[in-house]
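According to TrEMBL, the features are:
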{"type": "REGION", "residues": "1-34", "note": "region 'Disordered'"}
{"type": "COMPBIAS", "residues": "11-33", "note": "compositional bias 'Polar residues'"}
{"type": "TRANSMEM", "residues": "73-92", "note": "transmembrane segment"}
{"type": "BINDING", "residues": "Gly81, Ala83, Val84, Asn88, Ser322, Asn354, Leu419, Asp422, Ser423", "note": "Na(+) binding site"}
{"type": "TRANSMEM", "residues": "104-126", "note": "transmembrane segment"}
{"type": "TRANSMEM", "residues": "147-174", "note": "transmembrane segment"}
{"type": "DISULFID", "residues": "Cys186-Cys195", "note": "disulfide bond"}
{"type": "TRANSMEM", "residues": "239-256", "note": "transmembrane segment"}
{"type": "TRANSMEM", "residues": "268-292", "note": "transmembrane segment"}
{"type": "TRANSMEM", "residues": "312-333", "note": "transmembrane segment"}
{"type": "TRANSMEM", "residues": "353-372", "note": "transmembrane segment"}
{"type": "TRANSMEM", "residues": "392-419", "note": "transmembrane segment"}
{"type": "TRANSMEM", "residues": "448-480", "note": "transmembrane segment"}
Amino acid sequence: MEQPVLKARSPTGQTGSAVPTAKQPSSNTSDTTGPKEVELILVKEHNGVQFTASTLANQAGRREERETWGKKIDFLLSVIGFAVDLANVWRFPYLCYKNGGGAFLVPYMFFMVIAGMPLFYMELALGQYNREGAAGVWKICPIFKGVGFTVILISLYVGFYYNVIIAWALFYLFSSFTGDLPWVHCNNTWNSPNCSDLWAFNTSLNDSHKSTPAAEYFERGVLHLQDSEGIADLGLPRWQLTSCLGVVIVVLYFSLWKGVKTSGKVVWITATMPYLVLTVLLLRGVTLPGAIDGIKAYLSVDFLRLCEAQVWIEAATQICFSLGVGFGVLIAFSSYNKFSNNCYRDAIITSSINSLTSFFSGFVIFSFLGYMSQKHNVPLDKVATDGPGLVFIIYPEAIATLPGSSVWAVIFFIMLLTLGIDSAMGGMESVITGLIDEFKFLHKHRELFTLFIVVSTFLISLFCGSWDLLIEAIGIAWFYGVDRFSDDIEEMIGQRPGLYWRLCWKYVIDSLPHHLVDNGEVRRFTLQHWLVI
């Protein structure tokens, strides 16, 4: 049985059984002036184990204030901006097409309901109740504090390669401000004899010995892979990409240096711009010849694919990575909410918007892929791909064939930049909040500490061209306790989580094999870090 006991402790650590309303005057007159502080300790006993939560209060009983979001919409846009990232555009549509079309939505929605949303809700509630970052929240169960530091390390690690990808997009954006896009022809200094002009060889995509101008621009013009013999031959960073990476780091710093007061304003642009651009691209894409065939292929249903285990594994991996659970970002963002904020409603809204965005982006991508398939007279699977190849080779090649191609290229790469920037901001905020909440002296030096983090990320990114999610759920469900966690949520929003959520937290998520919730994208891009050189 759980019995809350309220005790009081003076700053020297002595405890008592009651909370004093005022400190008794001392014979020393110096003790009677200035504010007095006591520490209120809430002791909860559960199965013979005591859990304590303390708050430092002054004589008037006021709690130490924590910075909060300027507006509720700042928080929602920040969460949406973080969750809706490049993977929504370059991974989900391809997975859907590859794994049975519309049938892929069955396992995708299944794992969203039993794993994605419950984890999303859990992290928002965990951060909001404890009002600390990924490491500090584990004061509720100190044995799992290492999980918090692991989450921070993963967010830092992901930032190394994510910032590099944003730098590539920025490089492409600068290259688009020209009347003749550089990935259109084969008469450039970086082209090889195998390059086939886009306009002269409409069967080049079928020839394994030929490469398109767009492919050679990315691999040889941007990354200069021809100058390296392999991963052991790194060479020196290229000044063009280094400069672009520096610009990205500067933008991140000035978005984060003042905390959520500044980042909450930046996301008004970075979180909304992708939706505007996706809509514009869709309106243009559906007017192209072959677009309808591409969309039909995207939505075609093959329920027999559901008999394959790999389809379910990829659905679970995509939903967990796309929602951004297990990175500490949701915990960090929600820790700046007001204590009584309805995090349950926020979880439902933001996770639903994320999944709908993934589905919507598929129409944009496959309208252009259908156009490319018809233009080159090749099957759709010859042009359909995922990852960087889609957004840095196939899509730019399709854009280059349109009237006013430079304008469309600028619009497209602005969308990639905004998709990447707010997701990178979320990862950085997870690291910064997690560490300054753990090491309190850093609070007074947030600007300098933020500078240290972003500069360190920049330097490591130059040469960098899980199980944490499962352990997090186990720590909450089995060690801290689902019932106690539900009490915390009820204390905040006045509503106790339903039986469904409690069962998911305690049994469903913890029973998933680790490879279903592991962030496969992290492993997938490990070797691509080196491509910045």
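The backbone N, Cα and C atoms fix where each Cβ goes, and this holds for glycine too.
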Chain residues outside the transmembrane segment (239-256) and at least six past its termini with a C-beta under 8 angstroms from it: 163-164, 166-168, 170-171, 174, 222, 262-263, 266, 421, 424-425, 428-429, 432, 450-451, 454-455, 457-458, 461-462, 532-533
Per Cβ pairs under 8 Å, the stretch of 73-92, 147-174, 268-292, 353-372, 392-419 packing most closely against the transmembrane segment (312-333): 73-92
Lowest local Cβ density (other Cβ within 10 Å) among recorded positions: Val84, Cys186: Cys186
Most Cβ neighbours inside 10 Å, all chains, among the recorded positions Cys195, Leu419: Leu419
Around the Cβ of Ser423 (Na(+) binding site), the count of other Cβ atoms that are within 10 Å: 27
Additional residues around Na(+), ordered along the sequence, whose Cβ is within 8 Å of the centroid of Gly81, Ala83, Val84, Asn88, Ser322, Asn354, Leu419, Asp422, Ser423: Ile80, Phe82, Asp85, Ala87, Ala271, Pro274, Gly324, Thr357
Closest-packing stretch to the transmembrane segment (104-126), where packing means Cβ pairs under 8 Å, from 147-174, 353-372, 392-419: 353-372
Gly81, Ser322 as binding-site residues, winner by CB count within 10 A: Gly81
Rounded to the nearest Å - Cα separation of Leu419 (Na(+) binding site) and Cys186 (disulfide bond): 30
Long-range Cβ neighbours of the transmembrane segment (73-92) (under 8 Å; 6 or more residues past either end): 165, 260, 263-265, 267-268, 270-272, 274, 318, 321-324, 329-330, 333-334, 336-337, 341, 346, 349-351, 353-354, 357-359, 361-362, 364-365, 386-388, 390-391, 416, 419-420, 422-423, 425-427, 521
